[in-house]
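Features of the protein shown, as given by Swiss-Prot:
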- 1-37: topological domain 'Extracellular' (TOPO_DOM)
- Asn17: N-linked glycosylation site (CARBOHYD)
- 38-57: transmembrane segment (TRANSMEM)
- 58-76: topological domain 'Cytoplasmic' (TOPO_DOM)
- 77-96: transmembrane segment (TRANSMEM)
- 97-114: topological domain 'Extracellular' (TOPO_DOM)
- Asn101: N-linked glycosylation site (CARBOHYD)
- Cys113-Cys195: disulfide bond (DISULFID)
- 115-136: transmembrane segment (TRANSMEM)
- 137-163: topological domain 'Cytoplasmic' (TOPO_DOM)
- 164-183: transmembrane segment (TRANSMEM)
- 184-211: topological domain 'Extracellular' (TOPO_DOM)
- 212-231: transmembrane segment (TRANSMEM)
- 232-280: topological domain 'Cytoplasmic' (TOPO_DOM)
- 281-299: transmembrane segment (TRANSMEM)
- 300-305: topological domain 'Extracellular' (TOPO_DOM)
- 306-325: transmembrane segment (TRANSMEM)
Amino acid sequence: MASASPEQNQNHCSAVNNSNMLMQGNLPTLTLSGKIRVTVTFFLFLLSTIFNASFLLKLQKWTQKKEKGKKLSRMKVLLKHLTLANLLETLIVMPLDGMWNITVQWYAGEFLCKVLSYLKLFSMYAPAFMMVVISLDRSLAITRPLAMKNNGKLGQSMIGLAWLLSGIFAGPQLYIFRMIHLADSSGQTEGFPQCVTHCSFPQWWHQAFYNFFTFSCLFIIPLFITLICNAKIIFTLTRVLHQDPHELQLNQSKNNIPRARLRTLKMTVAFATSFTVCWTPYYVLGIWYWFDPEMLNRVSDPVNHFFFLFALLNPCFDPLIYGYFSL
């Protein structure tokens with residue numbers, strides 16, 4: 001079957017925009033694997049909400065017990081913002097995915113189609129960027145400790161920049177997502193509304209570029225930065241731990257990494273590992289789809305659902321990680 005020309009594609013998109021319909025052979029339905037995905041999603045939603053909210057409450061109580069006027073340490077401030085980002089992702093991505101898989105159709109209208117699509121991507125950018133901030137901060141803390149000590153506002157600036165970039169990079173979602181109505185192969189309207197990006201890009205490569213940009217900012221760039229930072233951290237830890245292999249005295253002045261800092265460095269490496277392990281399968285599947293869209297017909301729905309659910313474990317694991325290293 002010959003592919004449509006750009007002019008034909010443009011005419012088809014105009015027809016979709018004017019009639020608010022899209023020809024589709026098979027309308028989606030809620031399958032057994034979809035029901036399992038919904039159940040697991042809401043279970044992870046409860047776990048992540050409880051874990052992250054509990055840590056925020058613990059931080060609040062810890063702050064109240066501190067001496068009046070004494071601020072949180074830089075690491076605790078970073079953990080607070082990572083927890084807020086994880087909680088935001090939990091409260092937006094998980095319920096939205098669960099409810100949409102239940103209804104299959106989009107009942108929330110055009111406005112919420114755009115707004116929720118924006119908030120979903122914003123809440124995914126924020127934890128990824130906050131992970132970068134933590135990795136950079138901890139790496140600089142051991143490679144340039146004096147510079148970090150003299151520049152107390154650097155951490156706050158990086159945190160603010162992470163939230164700002166998350167909001168800016170998610171902005172296109174407000175434009176490209178729209179509500180359409182699907183129809184069956186005969187052209188009969190089924191009243192099947194969906195929130196999609198069909199015909200939002202003038203050329204196919206515009207969408208390809210946007211998808212690659214989003215993928216890079218959500219995964220490739222954060223992964224690259226955290227790997228470099230954590231490689232420096234691991235190298236420094238290894239060098240220090242081998243200074244005295246028989247009796248390591250971390251609290252003595254001859255050691256340039258005290259026990260508390262050593263614990264936070266290990267925690268940073270654990271965060272990066274959790275991020276990499278949880279999200280890599282999901283994005284590998286996405287890359288595969290870009291180069292071979294027919295893979296959806298070869299990869300079963302349970303496998304697709306599993307990779308997505310595995311990614312949702314990341315905001316659940318993070319509170320457990322800083323809970324473990326806080327013992």
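Yeah, the Cβs are placed from backbone N, Cα and C, and that goes for glycine too.
Keep in mind that what you see is a predicted model, and the values were worked out from it rather than measured.
What Swiss-Prot annotates, mapped onto the structure for a quick look.
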residue: Asn101; record: N-linked glycosylation site; DSSP class: helix
residue: Cys113; record: disulfide bond; DSSP class: helix
residue: Cys195; record: disulfide bond; DSSP class: strand
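In sequence order, Leu30, Gly34, Arg37, Val38, Thr41 are the residues near Asn101 (N-linked glycosylation site), counting only same-chain partners six or more apart with C-beta under 8 A. Contact counts against the transmembrane segment (77-96), taken as Cβ pairs under 8 Å, peak for 306-325 among the stretches 164-183, 212-231, 281-299, 306-325. Panel annotation: around the topological domain 'Extracellular' (300-305), residues 31, 33-34, 36-37, 285 of the same chain, lying at least six beyond its termini, place a Cβ under 8 Å from a Cβ of the stretch. The stretches the transmembrane segment (115-136) and the transmembrane segment (38-57) do not meet in space: the count of Cβ pairs below 8 angstroms, excluding pairs fewer than 6 apart in sequence, stays at fewer than three. Averaged over the topological domain 'Extracellular' (1-37), the predicted model reaches a pLDDT of 55.
A contact between the transmembrane segment (306-325) and the transmembrane segment (38-57) is present, since 3 or more of their C-beta pairs, 6 or more residues apart, lie under 8 Å.
Across the range of the topological domain 'Cytoplasmic' (137-163), the DSSP-based residue counts are 23 helix, 0 strand, 4 coil.
Sequence-distant contacts of the topological domain 'Cytoplasmic' (137-163) (same chain, at least 6 residues past either end, Cβ-Cβ under 8 Å): 74-75, 77-78, 81, 126, 129-130, 228-230, 232-233, 236, 256-257, 261, 264-265, 268. Across the topological domain 'Extracellular' (300-305), DSSP helix (H, G, I), strand (E, B) and coil residues number 5 helix, 0 strand, 1 coil. Sequence-distant neighbours of Cys195 (disulfide bond): residues of the same chain at least 6 apart with a C-beta under 8 Å from its C-beta are Trp106, Ala108, Cys113, Leu116, Ser117, Phe177, Arg178, Met179.
Only residues 6 or more beyond the boundaries of the topological domain 'Extracellular' (97-114), in the same chain, are considered here, and those with a CB under 8 A from a CB of the stretch are 28-30, 34, 37-38, 41-42, 45, 173-175, 177-179, 192-195, 308. For Cys113 (disulfide bond), the Cβ neighbour count at a 10 Å cut-off comes to 21, with all displayed protein chains included.
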